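Taken verbatim from Swiss-Prot:
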BINDING   GLY100, GLY102, ARG103, LYS123, ASP135, GLY136, ARG189, ARG196, ASP275  ATP binding site
ACT_SITE  ASP265  active site, proton acceptor
BINDING   ASN266, ASP275  Mg(2+) binding site
Amino acid sequence: MEGGLDTDASVHNNPLLQLDYEPAFASLGDDYYDLVAAAPFPEHRLRFRGDGVLRLLGLDPATVGEEHFIEAFGRFAGRGPFLAMRYHGYQFGEYNPYLGDGRGFLYGQVRGLDGELYDFGTKGSGTTPYSRGGDGRLTLKGGVREVLASEALHHLGVRTSRSLSLIETGEALWRGDEPSPTRSAVLVRTSRSHVRFGTFERLHHFKRKDLIQKLLDYVIAVYYPHYGAEPERYALFYRELVGRTAELAAQWMAVGFTHAVLNTDNMSITAESFDYGPYAFIDRFDPGFTAAYFDHYGRYSYGNQPLVCRINLEALQLPLSMVIPIADLEAGLAIFDTHYAAHYTARMLAKLGFGALGPVLGPELVKATLNYLEAAQAGYHGFFQALAASFDRSWQSDQGAIPAPVVGAPEAFELWRESYFRALASLSDSELLRVGERLNRHNPTTVLLRPAIEAVWAAIDQNDDWQPFYDLIGRLRKPYAIA
């Protein structure tokens, strides 16, 4: 296990409790949250610890033992009460005014060595006023899945929350969508913010312009401080959020990730991927792939994600328009498509081995690649892995030497091969030398596909064997052939 377990660690002078917690969100006042306590749990077994996050927070992992984690993030001793954040949201296009932190809370906020303020948020820590009849708990499998998602995405270069700890809590839970009874856990994750689009939507629902402006001032001061007292800071904030969200959508699409539940309450005001439920990485390239069994109409399908992000940003205009002129909001949203296209094209070209190829050649190659993948019903990651494994510089002078990375769709393959050859032919000798390196640097050899997750869970569920879980995490942290 990462960092090892020190069962003799003293709970005195707990480094996790001695962090310099800042009352940033708490200082806004109780119009934005409810004070809650953590649930008591019968058992505490540390199953995962995020030593990389500890280092970001300025802690030496060797000084933080198992009992420190259990005391701080299992028993929740030494701090409290905690903040259950209030928000609403559009869920599958329908407005839901009955949301809020239903099984978690804001534990605290700590500034990292990078100068950014990080929220510690919990999942499975007990009931709150927003539990809506639920038990406030997290299944152990759900916790395992979230740890794996955040580790995978972080090391693929996607802006994401990080898992700080996963503690099994010894309760039997009943769920309608998985075999029950099932085991329980509590997760602590770090995120740059847990303020959601839905946080603003709730305030608009109650017609509280004053609270929207107060929250805007907080968000800009804490997360967009470069705008300072700029008279146009509100409009500039929204424009930057649009650009960041477009980039996040491009990151998801390039790595083949389907979030599955892109409701506005799952959209972060810092454009960070978080709250991992029925997510999946695509295997076969299929824009219509849906990861959630309850997404009957494919609203949050893999291919719809950029559009949904744009729709959610447009929905955010309604509450923000109480403070920001609608013309400024519309101008901000107008950059989404070009920002998304630029970031997505750049990432896909890198996966194909190229840097910038120009405004025509680059997009044409990406389009030909996607057409080929879809026509061949090819494995998305396997295609790029095969391309990386077979690449040869001689292809630049011999189009016929370029082999098919996947089987099927011969007509689409010929169109792709012609486009790939034109791209290679445009390169200088020095640029050609970098193609193979880029192919290996940008195409992971380890991808978090569903069979890998299920194999890890089967070992835990049937034999309480955690080694496959830790082994998979190790591979996810080094996903590329070239670091």
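Cβ coordinates are placed from backbone N, Cα and C, and glycine is handled just like the others.
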### Query
In the structure shown, with every protein chain counted, which of the recorded positions ASP135, ASP265 has the densest set of Cβ atoms within 10 angstroms of its Cβ?
ASP265
#### Entry: Distance, the residue listed as 'active site, proton acceptor' to ASP135 (ATP binding site) (CA atoms, angstrom)
20
### Summary
CA pair ASN266 (Mg(2+) binding site) / ASP275 (ATP binding site), Å rounded to integer, equals 7
#### Entry: Cα distance (Å, whole number) from the residue listed as 'active site, proton acceptor' to GLY100 (ATP binding site)
9
### Query
ARG103 (ATP binding site) to ASP265 (active site, proton acceptor): how many Å between their Cα atoms?
14
### Query
To which of the binding-site residues ARG103, ARG189 does the lowest count of other Cβ atoms within 10 Å belong?
ARG103
### Message
Quick check: in three-state DSSP terms, what is ASN266 (Mg(2+) binding site)?
### Response
helix
### Query
What is the total of other Cβ atoms whose distance to the Cβ of ASN266 (Mg(2+) binding site) is within 10 Å?
21
### Message
Rounded to a whole angstrom, what is the C-alpha distance between ASP275 (ATP binding site) and ASP265 (active site, proton acceptor)?
### Response
10
### Local Cβ density at ASP275 (ATP binding site) - other Cβ atoms counted within 10 Å
22
### Task
Measuring Cα to Cα, tell me the gap between ARG189 (ATP binding site) and ASP265 (active site, proton acceptor) in whole angstrom.
17
